[in-house]
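Q: Dumping the structure here so I can ask a few things about it.
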Amino acid sequence: MTRAFNKIKLHGFNNLTKTLSFNVYDICYAQTFQQRREYIEYIDEEYNAERLTHILTEVAEIIGANILNVARQNYEPQGASVTMLIAEDETEIHQQFTNAEEPGPLPESLVCHLDKSHLTVHTYPESHPENGISTFRADIDVSTCGRVSPLRALNYLIHSLESDIVTMDYRVRGFTRNVYGGKHFIDHAINSIQNFIAEDTKGRYHMIDVNIYQENIFHTKMMLKDFELDDYLFGGNACDLASQEQQAIADRVKNEMLEIFYGKNIPHPDIESSRR
């Protein structure tokens, strides 16, 4: 059961640092060298620095932050990154915020008290040289020094970056004092990151939690339940392939998803023979 938190009267500034690390993976099968190159080019365009800046700007709006500075870069031959420095919103006194353990907006305006916090995103496209599998990873970090948790932006991020696999880590560090001098090492209720995710999203994903409550560390990973081969073929259609080839490709893609989800190599007879 989630422990309820009463409003804490603080002595001075809220010194808690709350960090959300959000990693998404997109997987596809591109059979030829040309298709693999086109996939990388597509991902590079779809997730260029301009679009990533827009996503982080929306995140800043959701958590009620002012953007102080933006640094962004597209890389050769591939990849992009954006870093934002954010600070507290001056309109804070006119708006309300909440740390309720519930899904965040898509998006809607919230306000928090921030000081020298930051948002970052980096992308990592790659492809296997032989077996046709190509993957794309985006890492987003939202770190706030203040009252509103970056988990308020989680729902927006999931819907903005529709992905095959999502890995999330949330931690709270430091402490803040109440007016009597007592320390508070967390200032909001949480027993799972899943409670901040919309029900329709949870219904579409397999989800696993690994939490260390006494250390204020929360980990959730998600993998899509439904599998349609056409969704994973780049530059081709399943109907153009023989049934045996469809099955072989599906096995490769599913194996790739499982390995990423569980974070380890999983033996598969056909795939192992191609690795040797």
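Note: Cβ is positioned from N, Cα and C throughout, glycine not excepted.
Okay, these came from Swiss-Prot:
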- S117: pyruvic acid (Ser) (MOD_RES)
- S117: active site, schiff-base intermediate with substrate (ACT_SITE)
- H122: active site, proton acceptor (ACT_SITE)
- C145: active site, proton donor (ACT_SITE)
Q: Tell me the Cα distance separating the residue listed as 'active site, proton donor' from S117 (pyruvic acid (Ser)), rounded to the nearest angstrom.
A: 6
Q: Pick the one among the recorded positions S117, H122, C145 whose Cβ has the fewest other Cβ atoms within 10 Å in this structure.
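A: Taking S117, H122, C145 as the recorded positions, the minimal 10 Å Cβ count falls on H122.
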Q: By the DSSP assignment reduced to helix, strand and coil, which category contains H122 (active site, proton acceptor)?
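A: The three-state answer is strand.
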